[in-house]
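Data first, discussion second: the structure below is written as structure tokens.
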Amino acid sequence: MLISGANPTHVSAALKRYDVEKLAVATVASHTALQILRGAKRFGFRTIAVAGRADAAEFYRQFGFIDEVWTADFRNFVKTAEKLVEANAVLVPHGSYVEYVGWRQALEAPVPTLGCRELIRWEADQYKKMELLQRAGVPTPRVYKTPEEVDRPVIVKLFGAKGGRGYFLARDREELRRRLAGLGEYIIQEYVFGVPAYYHFFSSPVYGRVEVFGADIRYESNVDGRTFGWVEPTFVVVGNLPLVLRESLLPTIWKYGVQFAKAVEEAVGCRLAGPYCLESIIRDDMSISVFEFSGRIVAGTNIYMGYGSPYSVLYFDRPMDMGERIAHEIREAARRGRLEDLFT
């Protein structure tokens, strides 16, 4: 089924009709919603949380910085998106948004959506994701098309945003063949030895730059637990830990972020706007291998909610978390008549 995506003309027309003095910022009630909506409220925007369950809605209603909490059927999100347009709202997407509503609906939703919406289509395919990273010229793990090519330990990843669920390691091709039986869509990657590091970036059309904003480590069950070799390791993300990088690594990490932003514009055809993440392993020789990306805000940015990221102060001379950074960009774009540079 070919999905064309939201009509850019309709999105542009919606933005032109919006009252920029009364903009609302909306997001799905999960993932980084608290951070996004808190930041939006601090910058003077009305805020809307869209929940898929009544119990989630009840939880989000307790926070005074959220003006409205809606309950929606995510199986028909286009209808909710139309209501958001009527509410003069823009949508900030995150990983749970794409997982809950599905990438096809995320492409079709008529509400102005932060960032390069077409990138969602690429993120639905693990092979296209690796193609984009390679096009960016960042070092990546080797990808194997068949088990017969495998000559070292590998990790198998399922397609889609699943928080690491269903991923597994295989030590050799025999183990790999056995465990691939009956699996859906997946990619086989070289398993890189080192420590994980996830880099948060912000691409700013308003300021014409890519900012390196912070970093985190994922806390995964059960690979990070006390399993003592008794169970097969799994990689389900349950939380995130803060990470301050060696300063000598920052120029390389920033360069990779810039190269990735350029590759998206060239290959996907739309400019990155807002937060994104490159996910990597750092080896003991300090070399970096980037194995994954997210084209929007990642949950790891929650580690500095309310405190500000360790690097935001370098750009603005005051700490700012990613929710506040998004709101700052929206406010400045609205003031300068440049909302169309942020939303697709």
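Any Cβ shown, glycine's included, is placed from N, Cα and C.
According to Swiss-Prot, the ATP binding site annotation covers 153-198, Glu220. In sequence order, Ala124, Asp125, Gln126, Gly184, Glu185, Tyr186, Ile187 are the residues near Phe159 (ATP binding site), counting only same-chain partners six or more apart with C-beta under 8 A.
Counted within 10 Å of its Cβ, the other Cβ atoms near Glu279 (Mg(2+) binding site) come to 18, all protein chains included. Annotation comment: Swiss-Prot describes Glu279, Glu292 as Mg(2+) binding site.
Per Swiss-Prot, the feature domain 'ATP-grasp' maps to 130-324.
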Original post:
How many Å lie between the Cα of Leu183 (ATP binding site) and the Cα of Glu279 (Mg(2+) binding site)?
Top reply: 24
**OP:** Looking only at C-alpha atoms, tell me how far Gln189 (ATP binding site) is from Glu292 (Mg(2+) binding site), rounded to the nearest Å.
**Re:** 11
Original post:
Using Cα coordinates, what distance in whole Å links Arg171 (ATP binding site) and Glu279 (Mg(2+) binding site)?
Top reply: 22
**OP:** Out of Pro153, Arg171, Leu183, Gln189, Val195, give me whichever of these binding-site residues has the highest number of other Cβ atoms within 10 Å.
**Re:** Gln189
